[in-house]
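Per TrEMBL, these features apply:
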ACT_SITE  307  active site, proton acceptor
BINDING   62, 63, 64, 90, 91, 92, 93, 94, 192, 307  substrate binding site
BINDING   237, 273, 274, 275, 276, 277, 278, 306, 307  ATP binding site
BINDING   301, 303, 337, 340, 342, 346  K(+) binding site
COMPBIAS  15-24  compositional bias 'Low complexity'
DOMAIN    55-349  domain 'Carbohydrate kinase PfkB'
REGION    1-24  region 'Disordered'
């Protein structure tokens, strides 16, 4: 298999140094009281230290082909789209771009084909500030892509071609890729690449004491126990949680029971994304931590909101914030995401998130 690597123009030196206090300006954020609960003052550096260990995202990269249509075509019928455009996407690329836009050093480890779509994805990631030292270009598979049919009724129909996301992965990941995983502050995984790749990455991270967040989005299939054994935080949305546990998730009590089933499978922390109902973190043996949604003034497109939430939570966590602070930071980032069309184009920058929190 022919394989080359795209290099980032700005190389980041990996370090295992802890996140220490710096002379960077710090913005102090005070929240109004909610249900008579005294919320903590959040302290997020506007420009975090370059010495913090990076976020490493291992996952998929797609070219998302959007077509806006009045209705789906019937069998054998050809219809015209009102508009169409191709944007970079994929759960892995989305999360990596979000981490970088939030001003945290972020690496993306994934695969694209040697084609125009691969260039599109690489350019979007690079423009977002993502380090691409470990983005591989494979010649024997096309870049993964999705055809997103947006109907005037608001309904979406999506067809995904896995391409390089699901094929051409080496059976054993190269040492350099595992080294960057072991040197990370936190690792993010999803379900749009093969399970055996995720297992190798999670195992390497666990061996190095690096926490792993595993997003349930992507392939709708049972999760190997071997993978769950190395996951620190499992992050589904409520429908994914229901499908994977076989339990109802309509009420908070039902969601709590489904999270408890995940605990029995060995995952100590379950981060559930509940859309307009907010989010909740279930830690085995502790009371759930709930976070209401921070409502957007106008919802334009929810694409990428879940990825934004997961990545923002990871950034706050690796910077040493409390779980409650992580949830609030993630909620603010997701609120900004849904106000812009597209996935990667809608990822908010750090300043915007802090400003929203400061006024919420």
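From the backbone N, Cα and C atoms, a Cβ is placed for every residue, glycine too.
Curation does not apply to TrEMBL; its annotations are automatic.
Comparing CA positions across the binding-site residues 62, 192, 301, 340, the one lying closest to residue 278 (ATP binding site) turns out to be 301. Around residue 337 (K(+) binding site), taking its Cβ as the centre, 28 other Cβ atoms fall within 10 Å, counting all chains. For the binding-site residues 93, 276, 340, the largest tally of other C-beta atoms within 10 A is found at 93.
Taking 93, 301, 303, 337, 346 as the binding-site residues under consideration, the smallest Cα distance to residue 237 (ATP binding site) is found for 303. Cβ-based crowding with a 10 Å cutoff singles out 307 as the top-ranked of the recorded positions 64, 301, 307. When the Cα of residue 93 (substrate binding site) is compared against those of the recorded positions 301, 303, 307, 340, 346, the shortest separation belongs to 307. In the predicted model, the domain 'Carbohydrate kinase PfkB' (55-349) shows an average pLDDT of 93.
The separation of residue 337 (K(+) binding site) from the residue listed as 'active site, proton acceptor', Cα to Cα, is 10 Å. The binding-site residues recorded for this entry are 274, 337, 346, and the Cα of 346 lies nearest to that of residue 64 (substrate binding site). Looking at 62, 237, 303, 346, the binding-site residues in this record, the fewest other C-beta atoms within 10 angstroms of the C-beta turn up around 237. Nearest Cα neighbour of residue 303 (K(+) binding site) among the listed binding-site residues (91, 192, 274): 91. Binding of ATP is attributed in the record to 237, 273, 274, 275, 276, 277, 278, 306, 307, and the widest Cα separation among these residues amounts to 17 Å.
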